[in-house]
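**Q** Right, I'll just put the structure down here and ask away after.
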Amino acid sequence: AISRGSIQPRIRLCTLREIAIRVFRACTELGIRTVAVYSEQDTGQMHRQKADEAYLIGKGLPPVAAYLDIADIIKVAKENNVDAIHPGYGFLSERSDFAQACADAGVMFVGPSPDTVRMMGDKVEARSLAIRAGVPVVPGTDAPLTCMQDAKAFAQTYGFPIIFKAAYGGGGRGMRVVREYEELEENYQRAYSEALAAFGNGALFVEKFIEKPRHIEVQILGDKFGNVIHLFERDCSIQRRHQKVVEIAPAFQLDPHLRARLHTDSVTLAKQVGYENAGTVEFLVDKHGKHYFIEVNSRLQVEHTVTEEITDVDLVHAQLKVCEGQSLPDLGLSQDKIRVNGCAIQCRVTTEDPARGFQPDTGRIEVFRSGEGMGIRLDSASAFPGAIISPHYDSLLVKVIASGNDLQGAASKMSRALAEFRVRGVKTNIPFLQNVLSNTQFLHATVDTQFIDENQELFNLKPTQNRAQKLLHYLGHTFIRGMSVTPTVTCQSYIHVNSVFLLKPSGDPPLGFRDVLLRDGPEGFAKAVRAHKGLLLMDTTFRDAHQSLLATRVRTHDLKKISPFVSHNFNNLYSLENWGGATFDVAMRFLSECPWKRLQEMRALIPNVPFQMLLRGANAVGYTNYPDNAVFKFCEVAKENGMDVFRVFDSLNYLPNMLLGMEAAGAAGGVVEAAISYTGDVSDPARQKYSLDYYMKLADELVRAGTHVLCIKDMAGLLKPESSKMLIGALRDRFPDVPIHVHTHDTAGAGVAAMLACAEAGADVVDVAVDSMAGMTSQPSMGAMVACAKGTKLDTGIPLEKVYDYSEYWEVARGLYAPFDCTATMKSGNADVYENEIPGGQYTNLHFQAHSMGLGHKFKQVKKSYTEANKLLGDLIKVTPSSKIVGDLAQFMVQNNLTRAEVEEQADELSLPLSVVEFLQGHIGIPHGGFPEPLRSKVIKSLPRIEGRPGASLPPMDFKALEEGLRVAHGDDITPEDVMSAAMYPKVFQEYKEFTANFGPVDCLNTRLFLDGPKIAEEFEVELERGKTLHIKALALGDLNKAGQREVFFELNGQLRSVLVKDTVAMKEMKFHPKAQKSIKGQVGAPMPGKVLELKVEVGSKVEKGQPLCVLSAMKMETVVNSPLAGTVKALHATVDSSLEGDDLILEIDEE
């Protein structure tokens, strides 16, 4: 017995984590000093800090072996004058040799006698004892199996299914159900291996497997005087992989007669073996109400808490006092005094991912906040921010126990408590537990051990938002140079500016042309535009202006701020160009935002002005050909999301491509604005390829095809006043009833003059950008056009003072994007554009590229080469993607110091850019005048040639299959808009979804924080949504650790937070295990962190789909990794005993 003399009693615990803390608390309440042991892997665990003393055991041993080292444990106990050892559960708690070692060392074992532990621990002997006591048992072997042949013989006698069980341990370890002969040997080996790893003995016995039973267990308590009582039962039927997930006391809707038999049988069996201390007798109850003994756990159970809550008996106190020699009557514990009070539920919150078969997750807990309140008890382990969850031990994080008057009341409290939990850094099973607690069968009927398997809706998990911590991860990345997700294009520093404050207009905005469109449809809209007195303007500030000047980097965050002002003050705009073209993919690629969300949010803020987008004909918003149904579907979804005017063009003015785009836009119900891409000079008699007659014939075709508006798309700014008058005048004469819209760029500086000439000649609409975003490669100045037209028949009706305010906002906002601003390398426009005909946006990009490649001083040569490349290719219409083809060839010529003549002469030997080769094959259509010969034949040789419209031969896109694939990859919150993004840009969309999964909604960050990140000691606020604001302070950046990470520290809402961020620059000098790329089918990665127990293949092995490749062990559970495809093993990247992290590459397979 533990002495209570002058020396304070000491009890030492040989288990760890949650149960250790539970026992320590009981000891402290009884005035007993506590001593903990821990392995080398557990130095940071809370149980060693909760004890009065703590000592290392198993130095140099593997993690599990350390806690199985009986000699070392006894040595530590003797050296530190430990009076008693509480084994907790798991590890040595049911090992009779350990109980005997304690007795031999004169140390009390808090549990049954060694003989009882031996009898109850030997599942076969326990079964025999139950039979002698008259307790029903499941058919099974009378002794542990000696070989596989014994298992085969049993299966032949009793048939399948059967179940292997560890003979010397429980908790689901070493347990395998076998349903057919072919599975027998593999499951025998797995069960043996698991049992050996978990209990130090791999002995197994086998039983007939009872289908869909309830798992009911009875808590017993005995003393040294032969007294045994029960403390009622627990229902532990909700299990996965034979491990309990949710436990209930008392069992719900249990027949009273059955309940009485379970209690009586449990006490009878315990008395027969002279059981003392706490234990559990476990039964299976079949669908007919028959019960079968399965085992006795001669220890405290994980779920003992629910019994304590309904009986108000502290089982650990009772254990300790019984061990001292007190009797149950001394403790006031007699059967007639034990009463059930209400209901209690225990949920085991584990670091497991239910969506991946409950695979254990490992890592660092970044955030931990628990649920508390009335009726809630928490028994936790090392659940705190900064705790490391390793793959070495059980995945239990915290036990949550809820008490109520009945099952429904306890479930309600539990649901509320789980909803309060915040665990970040590792995945947990909380969403799954919440689904269980809301399940109708769970709340109002009985459940069996197949409950989880038969209720797959439990796996419809509501994703956790985790917005705050994801944002901290993103901000942490911005601290580390080289980690920017938005690469800069110049060396300019970010300018820290304060936004211009514009008073938010009140009330509804005035009516605009969109109201006309909604009321009268596209035809009525076109008539209203044509009948309008004065010049109409389209504002490109929201798209083409920043595409031309700021590398398309302007964020929705800054567009939204000015949107209400535009809606209220520029309601008479023809349209606002704000979408499509390069902005679509750049939004995802560089700004990490959804282009559809941009459209939706702007539509809500600007309901009265029509939106216009750029549609690349049969290429939609991409740079390649798409099946026809993809183009139609895209236009349909765009219209549904608020798009109004579809400016349809083709980079070669290839009519078949344009007609498809027009048909798609019209079918969607949009305004069709067919755009003729302009090049050359209609006023120059010497340039006849693109003559006035060419444009007029093309316009005839487009009007005949039913365009609502006719557009001239002057992407290089080549229209001069004279050519403007000629072209627009001729079009107005030919088509007096069709609205004419002119788009241009101001690269040469003559944009305002040219647009005024167009207006004078009959154009209804011209393009402008607000003054601070105008000029150079952008559009002509809005203020200049408004001022020049004021008081004339062309008067725009736009207040000039409002343009000034609008311009001031963008002047300041533009400073936020300094690293992307073309003025960093280009100080003015240049009239040489009339010679090289480089489109405005491309002019800027070529200038950036030349400087970044150290060719800034050769930009003049680049422009000359562009002119020569254009001639080589036959003098093309130049707009994306044809302009890129010319640009690629020009850069190739500069880099290789080639002239036009040399390219023509050596064309059959040169490795020309792929874009040039594909153009000559016919991938983007047929240019006016045909392909250049003999260049084409020399380059493509025997490569296939595409005749006619490139997309016409493509099979329809299967949107249903695409959506299903996206749901598998990214979850069920996939929208029709997501499907279209993936259809247009599959790789870009994949990367965007991966980004948002890691970093969350970065669109709530202001632009400076998004692009440059905070400074040390800077405080700022981030509004996640209305009424939810984060207060953040950046604190410090840590040193590089061995994993190539730096710890970044923040203060979030007054609490310290930190995140670990990989420093990719520093990591280049460090060696890391490669990761499996999910996009490469033959790369097989570790489904969870763990150690490689066995490799079943070698390089060159032929494998079938589903064939076992290797066996991993983590948290004492083994997982077989199967082949995802048939093929040949190409390479092995892991060896036996390798420790792997999740997704580490195991091997590569060449698919057959």
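Here the Cβ of each residue, glycine as well, is placed from N, Cα and C on the backbone.
Any TrEMBL annotation is an automated prediction that lacks curation.
Pulled from TrEMBL, these are the listed features:
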- ARG299: active site (ACT_SITE)
- LYS123, GLU207, HIS242: ATP binding site (BINDING)
- ASP544, LYS713, HIS743, HIS745: Mn(2+) binding site (BINDING)
- ARG616, THR880: substrate binding site (BINDING)
- 7-457: domain 'Biotin carboxylation' (DOMAIN)
- 127-324: domain 'ATP-grasp' (DOMAIN)
- 1081-1150: domain 'Lipoyl-binding' (DOMAIN)
- LYS713: N6-carboxylysine (MOD_RES)
- LYS1116: N6-biotinyllysine (MOD_RES)
**Q** If you draw a 10 Å sphere around the Cβ of THR880 (substrate binding site), how many other Cβ atoms fall inside it, taking every protein chain shown into account?
**A** 20
**Q** Determine which residues of this chain, when ASP544, LYS713, HIS743, HIS745 are set aside, have a Cβ within 8 Å of the centroid of the Mn(2+) site's Cβ atoms, and list them as they appear in the sequence.
**A** THR540, ASP714, MET715, THR744, ASP767, GLN779, GLY840
**Q** In the same chain, which residues outside the set LYS123, GLU207, HIS242 have their CB within 8 A of the centroid of the CB atoms that define the ATP site?
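**A** Apart from LYS123, GLU207, HIS242, the close residues are GLY140, ILE163, PHE164, LYS165, ALA166, MET175, PHE205, ILE294, GLU295.
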**Q** Need one number: mean pLDDT over the domain 'Biotin carboxylation' (7-457).
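**A** Summarising the domain 'Biotin carboxylation' (7-457) by its mean pLDDT gives 91.
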**Q** Roughly how many Å separate the Cα of HIS745 (Mn(2+) binding site) from that of THR880 (substrate binding site), to the nearest whole number?
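**A** It is 15 Å, counting Cα to Cα.
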**Q** Cα of HIS242 (ATP binding site) to Cα of the residue listed as 'active site': how many Å, rounded?
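**A** About 18 Å separates the two Cα atoms.
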**Q** Going by Cα-Cα distance, pick out whichever of the recorded positions ARG299, ASP544, ARG616, THR880 is nearest to LYS123 (ATP binding site).
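**A** The answer is ARG299.
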**Q** Tally of helix, strand and coil residues over the domain 'Lipoyl-binding' (1081-1150) according to DSSP?
**A** 0 helix, 39 strand, 31 coil
**Q** Can you check which residue among the binding-site residues LYS123, HIS242, HIS743, HIS745 has the largest number of Cβ atoms within 10 Å of its own?
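**A** The residue with the densest Cβ neighbourhood is HIS745.
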**Q** Judged by the number of other CB atoms within 10 angstroms, which among ARG299, LYS713 is the least packed of the recorded positions?
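**A** Checked ARG299, LYS713; of these recorded positions, fewest Cβ neighbours within 10 Å: LYS713.
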**Q** Over all shown protein chains, what is the count of other CB atoms within 10 A of the CB belonging to ARG616 (substrate binding site)?
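**A** The answer is 26.
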**Q** GLU207, ASP544: which of these binding-site residues has the highest Cβ count within 10 Å of its own Cβ?
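**A** By the 10 Å Cβ neighbour count, ASP544 comes out on top.
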**Q** In whole Å, note down how far the CA of the residue listed as 'active site' lies from the CA of HIS743 (Mn(2+) binding site).
**A** 82
**Q** From the recorded positions ARG299, ASP544, ARG616, LYS713, pick the residue whose C-alpha lies nearest to the C-alpha of GLU207 (ATP binding site).
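**A** Going through ARG299, ASP544, ARG616, LYS713 one by one, the closest to GLU207 (ATP binding site) is ARG299.
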**Q** If you compare CA-to-CA distances from ARG616 (substrate binding site) to each of the recorded positions ARG299, ASP544, LYS713, which comes out shortest?
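**A** It is LYS713, whose Cα lies nearest.
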**Q** Could you state, as a whole number of Å, the largest distance between Cα atoms of any two of LYS123, GLU207, HIS242, the listed ATP binders?
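**A** Site span for ATP, by Cα atoms: 16 Å.
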**Q** Provide, as an integer number of angstrom, the distance between the C-alpha atoms of ASP544 (Mn(2+) binding site) and THR880 (substrate binding site).
**A** 13
